[in-house]
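Pulled from TrEMBL:
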type: COMPBIAS; residues: 149-159; note: compositional bias 'Basic and acidic residues'
type: COMPBIAS; residues: 168-190; note: compositional bias 'Basic and acidic residues'
type: DOMAIN; residues: 179-306; note: domain 'Anoctamin dimerisation'
type: DOMAIN; residues: 357-418; note: domain 'Anoctamin dimerisation'
type: DOMAIN; residues: 421-1044; note: domain 'Anoctamin transmembrane'
type: REGION; residues: 149-190; note: region 'Disordered'
type: TRANSMEM; residues: 429-459; note: transmembrane segment
type: TRANSMEM; residues: 508-527; note: transmembrane segment
type: TRANSMEM; residues: 587-610; note: transmembrane segment
type: TRANSMEM; residues: 630-658; note: transmembrane segment
type: TRANSMEM; residues: 679-702; note: transmembrane segment
type: TRANSMEM; residues: 814-837; note: transmembrane segment
type: TRANSMEM; residues: 1001-1027; note: transmembrane segment
Amino acid sequence: MNANRNQKQHDIIVDSNYVHKKVPIVPIDRSKYIYYNGKLLPVDYILVYTRYHSNHFRRRTHRSKRQHEEYREFFQDRLRKLGFIVVEERLTDEQNDLLNLRQAENSADISDNNNNTNAESNHVLARGFSTLQRHVSIRLQNISSHLKKDSTDTHSKAIDEEESVELEDSKENINRKNDCQNKRTLSNERDDELKQDERYFVKIHAPFEALLVLAEKLKVKLPFSENKAPLRPGLFDHGLPCQFTRLNPTEFPPPHNGKTYFTACYQKSLHYRFSEHFGDINQVFRPAERSRLVYEILLRCPYRSPEPLLTAIDEIESESPEMDSTAPNLVMNSRQSQASEKQTLKIEEVFTSSTRRSGMKDTGIEVLLEEGVYEAAFPLHDQLIDEEDAGEPETWNDRMKLYHRWARFSNIFRVQPIRAIRDYYGERLAFYFAWLGWYNSLLTVPSILGVFVLLWGLLSVKYDQPTLDICNPTSSYLMCPKIDRQAYWFLNETCFNAKISYIFDNSASVAFAIIISIFAVSVNFLWQRQEYRLQFEWDMTDITEETETLRPDFERRVEKTIINKVTDKLEPYVPLYKRLISYMSSFSVVLFMVLLVLAVVAGIVVYRLSVSAAFNTIDREMWIYRWKPIIVPITGALINLVIILILQYFYEILAIWLTNAELHRTDKTYEASLTIKMFLFQFVNYYASIFYIALIKPLIIYKPTHLDHHSRPFRLEECDVSGCVWELSIQLIIIMVGKQLISNIWEFYFSRLWNMCRKRIKFRQTVRQINKRNAKMKQMHDQPLNMNLKRSYEEDFLLQPFELTTLFYEYLEIILQFGFVTFFCLSFPLAPLFAFINNIFEIRIDALKVVKEFRRPVARPATGIGTWNSILPIMAKVTVLSNAFLIAITSEYIPRHVYYWTIGNYSLNGFLHHTLAPFHPSDFPPVINRTLLECEFIEFRLIDLSKQSTFFLPFAQSYHLSHFDCNSSLANEIRSQIDFSTCYYKDYRLDHTHNYARSYMFYYVMVARLAFVIIFEHFVYSILFLVRNFIPRGPRSIRAQLERCRYLVQQMYWGAELYAQNPNLIKKDENRVRVDEAEHDQRRQSTLPSLMTPTNDLTFTGTVGLDV
């Protein structure tokens, strides 16, 4: 290789023909490709394993080491027989990078290959021979039975001659392959004397023909007919009418050049109907679909062959040599058919007899991961480089587009590229982000309304008559002692609490609570409409639920077997009594944790009472005493938040351990059980203290006769005279906002910190080997600065694995937030706004984690958000009941309106006096010293007056010099101004002459509260009933197109068997399809308004035209 060659910079475009020119595209990450037969083939999946040195294992584990090697060799060999290209690369092999670079350069300039005679080119040639051998060995299996047969005999003879030459070459390559296997056995013997652990990466590429076979088995939908009347996008599907909220159409172009197609499950016999819409075969299957198809075959591929079973594949292989003595053309034709049938038979065997559904423990990559045969298995990420070095955005790969145009915080106001997320990650992850973005857009209206409700409270508080009565400085209402106030006190001391309560609890907030309740019960229905649209656009309609595969942990731990009545195969089985024992144990632990949460709530109540009592012992002149009403609830809420987060962390570990101990058969039942445990505990953990303040504490009202030392330890705290709404607001703000803030910070920094720790602790040796290898590469190459030494599979391996529960926690977090927004909106109207702001950042944080910090997850199919569709209606029902009781019990709305319409004569004047009950101090318990209560109140009163007027300044100075005298003239003067014969407390009761019995207004208010709950509930659900009956779940236009698609699919399937037996009819069917499409276009163009359209035409065109 000459010096001039090294100075050239080439950008290689991956295609059938390599283009040698400079273009502004992203540099190719050649480690993501397999150089095979002169082409760069993309890697669809990566398997990672480690060969340990001899000192790593003990003697008793040498057998397991050999067994793991046998499993790996059999597993990878079976993948090759299925038609997959499997290549291993060692991490410390520094020649791999030189090989990839020089192979690409050799393919770019053929003339330089002839002049290249050094030792490195010989290494490239040797590696090329090895890849050629693998290609020829599977050549017979890759002959597609899905391609059209040529009608001319001359062309078939030419093909037969070419295939005969390739078969002759394949014999020589098979012999070479045997020699390579002998050398491999020698190298395996040397591996026992390794000086250090060696990590290997297995690259897997699935040919297009194998993907078609898998698509037929897994019922993957492919386009077969163009949709002439596509759906129009929604009003805000492309973002707001602002440029910074929209996606660039050149960066995210529509699929199929803007055309839309009807799709159907692929069938081999109807290949001609699908192939005409293929175009580039590399674009037929989306990246997520490719990884899913490869994962499905890895999930079912055996790693150990059953000895007594002789499969149909072995019979065909044993019969094939007998045909060599026949005529050459007949041999070629028979071998072509055998190769296609053999590949189909092998994949069918994997999907039937050797599948993990049959209960065999020797099948699937998941079992190999559980047993430690492989360390990891994951699809590869695309290359991720800086935006400055990436060239034009139109040439970026999918991951770069998602990172720079979606995941970064600069795209906060930009609409999400849901289609690109679905193409890269699959439907399951795309449904999560679609639901989160849709739910957040739905929060805009409640957020705006909440701001207006708060402003209404701030502006109207100075006109509220009960609040003015409480804040009246000349108020003479002497309040009775309480458990948190051990002396008399004036009502105007709670002026601040009364104002805060009215700001959150007013007529506008009640109307806001009704709107939020309607919003909560409508969310699930509205999301089902959006989900229905996404299902149609993503070809997830009419998807039959496949049989769930067994969990590897279930197969590994369960020893007893039973015959499955569905598959008629032996599979692991857990007896009923064992399942009952495990379920009862889990239920007991969950119940204990729930009781622990309730005990924590009781502890918080004791803390508040203790702190309030402590405040009563300090000097009232201290500034901290004035902030007592704020300090006590805030500190209690902060302590509660810390305990909630601690219990959440430990319970997550406990719930996963309990669910694993239950030995669930499939992932679906495992996730459902974990969802029930986590949701039940987190519901109680986060909402218990809030429900206590909202619904229980307002009902706790004690008469002053219970203010004795014997009943004090058994008494709970009471609400303030102005109610519990302000305390509920503080509790909700701290728990909701604090939880969201801590969760976002934790998610954003913890994933980065965890990856850093993995690289520096767990994979420290691996990182050192990579750095050492790269240093050698820089010394071996002439221009080290222009080389990309990074390997995508190594970087992806060092990332965190995307677990089954990763997405579960994200759903749970948003569902809990939905409860904070809807359950207690009366006490905090800004809750939707805070949730909206949080979700804006939540989307980007989750996107950053998925794109940059996690390995690429397996693209699992999904038709929606799954179990959470069932939880949302439960949350909606709780919302209706919570808001109904919150307005009826906690709020002052019902008492005020009862007084307004009955006694107040359409006014609230006197409402405060109406809600206070008089109490005679002579009825205090004997243990209460009335004189001491009066003296303490007079003393505090003198201190307050001394701060307000200079007249009491001499007394204040003398007070600090000597003890207070309760019988002094000044004290008697104050005593004469205050009536100590009666004190008041908040309750609907009569005076001492009636033995403090309930007044009639108590029963009026109680009946009004119960009536409001019933009316409120029926009103909300009646609106939901009307919405559900007048607005269908599926939009009319989508239902029309879905019916059209089903009709075309049925028409296509009717002739499938006939066309398979008579291939001559295929062209007739193609002509018929063209004629039908032309007539359909003509009818659509000449369609008159619906009143003048014939009945037959109204079945599809009229319906679509009406909605579109």
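Placed from the backbone N, Cα and C atoms, the Cβ positions cover glycine too.
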For the transmembrane segment (814-837): best-contacting stretch of 429-459, 508-527, 587-610, by Cβ pairs under 8 Å:
429-459
Recorded stretches the transmembrane segment (508-527) and the transmembrane segment (1001-1027) touching, at least 3 CB pairs under 8 Å:
yes
The mean pLDDT across the domain 'Anoctamin dimerisation' (357-418) is 82
Which numbers of helix, strand and coil residues does DSSP report for the domain 'Anoctamin dimerisation' (179-306)?
55 helix, 20 strand, 53 coil
Write out how many residues of the domain 'Anoctamin dimerisation' (357-418) are helix, how many strand and how many coil, based on DSSP.
26 helix, 4 strand, 32 coil
